[in-house]
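Input: a single structure, listed below in structure tokens.
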Amino acid sequence: MRRRVRLALLAAAAGMVAAAVAGCQVDRTGSPVAGTVTLRPAGTTAPSTPGVPPVSDAARAAGFVDVRSVVADAVIDLRYATTNNFTHTRLYPADARCLVHESMARGLAAAASALRAHGQLLVFWDCYRPHDVQVRMFNVVPDPVWVARPGQYATSHEAGRSVDVTFTSPQQPCPSERRAAGFCLADMGTDFDDFSSRAKAFATQDVSAEAQANRARLRDAMKYGGLTVYPGEWWHFDGPGAGVSRPILNVPVN
């Protein structure tokens, strides 16, 4: 009799555990979202989101992930893969991907979640930037106030630990200069890579109240993810360890 009771209790407990697991959403991205259970072996990186091709062997060895694997609704508008940038030349191949170091993954997912709550999507203008591209940029604008001087080590974008971002706006009709990838971009007061004092993160002179509010919202969202704005550029945000000097990488962006 006692044996039958014990077996019945064990069966009931197993059923409760199974029901609890069935009622949970399994998060395989590693993103800390409410109501999920993360199933991932310690010391491994999150698997790719369905539809996002695996990164190259070189990118994987550098600890890079495609940002779309952690922010599924990310809007990718890599300006340096087009001529719509301050060099007026294509610095990346047309199939370039937004690669970031895996240490930024959770923070970017959190930032995107904060914006998503307001019906806005995170837009990526630049992510990992190869050293040779940084050299070409500095040759065009050899002013370290606006373009970082290439050095003997990799930091920031060159280490995949900084991103240039903005977010979408529901505004309609959308001005042509703020259209990108089928979306309307929020009014931030300047375009990307604007070399004027208005581009400073906390600028107020000649920056509308709406643009200042949008910049503040972007900073708040990125701060929620643990990323810090670079005061000289409202669009530039640094992740953990962005300022640490590391060996120069030679990872193709595609």
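Every residue, even glycine, has its Cβ placed from backbone N, Cα and C.
Under the heading signal peptide, TrEMBL lists 1-22. Taken from TrEMBL, the feature site 'Transition state stabilizer' covers Arg129. According to TrEMBL, the Zn(2+) binding site annotation covers His157, Asp164, His236. Look at TrEMBL and you will find Glu233 tagged as active site, proton donor/acceptor.
Features recorded in TrEMBL, as mapped to the structure shown.
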residue	record	DSSP (3 states)
Arg129	site 'Transition state stabilizer'	coil
His157	Zn(2+) binding site	helix
Asp164	Zn(2+) binding site	strand
Glu233	active site, proton donor/acceptor	strand
Position of peak Cβ density within 10 Å, selected from the recorded positions Asp164, Glu233: Asp164
Closest of Arg129, His157, Asp164 to Glu233 (active site, proton donor/acceptor), Cα positions, recorded positions only: Asp164
His157 (Zn(2+) binding site) CB neighbourhood, other CB atoms within 10 A: 23
Pairwise Cα distance for Arg129 (site 'Transition state stabilizer')/His236 (Zn(2+) binding site) [Å, integer]: 13
Count of other CB atoms lying within 10 Å of the CB belonging to His236 (Zn(2+) binding site): 24
Packing count at Arg129 (site 'Transition state stabilizer') (other Cβ atoms within 10 Å of its Cβ): 24
8 Å Cβ shell about His157, Asp164, His236 centroid, Zn(2+) site members excluded: Trp125, Asp126, Arg129, Ser156, Ser162, Val163, Tyr230, Glu233, Trp235, Phe237
